[in-house]
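As recorded in TrEMBL, the features of this protein are as follows:
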- B:38-143: domain 'HPt' (DOMAIN)
- B:79: phosphohistidine (MOD_RES)
């Protein structure tokens, strides 16, 4: 189930409007931490516990047709190691979607494996960060979102 | 106990936990994420860590008791425990998990059993210390005081 910290649907992007981040991680602890990190950096956060739920939320799951909804996601952060679908596989699905491919995707992992990092960067990831995430990472991400949306 | 005394006790206790390697900088990151609008953040995350860990330790015990040990499964559990202990800054537990994973890779049952004992021991220790720390924080707040985070960097 994807859960949202705010029930307001986004309309058109407004400078003063908080950026909306979709955070995907199978660990509840990590979802809580990343949510708090992002909310403290003035983002609105929706969390999903795996790739399948994330795709459903984005309207990209098998059987769903691309929606013309007002869904506005400014960034997606996903854990790499998840059961079912890895963060890399999720990244590829997002980048293959005509509606969602422009959304920056950040991959996070507890393991510092160069081949994994390269794979994600070549797959179109905006950035690859090591877990556990810290306040400085959230600040970095916030800057990314700001830059990309200006 | 007066608020000032409790605050001093909190600072000393927290510093000792860092010094003795029970907690690392990641725990401080969590404390920094807590504020008046989210006064229970640390307690919530710690409580999730306890639930998660107890489940994983129980699963690990079961997995290592099997006639034919599934090392992939054991490794998966340890990987999860390593992740959550790392996320909250439970340093000793995290380090124990790192050692544990090497023994899984080697498919060394005795090594794994020893590691499991070590992890359980260190988990129990950090659990009681975190419970004491959080209790102290709650007492400070109940007495109208605030948690003196800034004094940790002295």
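Backbone N, Cα and C atoms are what each Cβ position is placed from, and that goes for glycine too.
Just so you know, TrEMBL annotations are computer predictions that nobody has curated.
In terms of DSSP secondary structure, the domain 'HPt' (B:38-143) contains 93 helix, 1 strand, 12 coil. Mean per-residue pLDDT, taken over the domain 'HPt' (B:38-143), amounts to 96.
Annotation for residue B:79 (phosphohistidine): same-chain Cβ neighbours under 8 Å, separated by at least 6 residues, are B:97, B:101.
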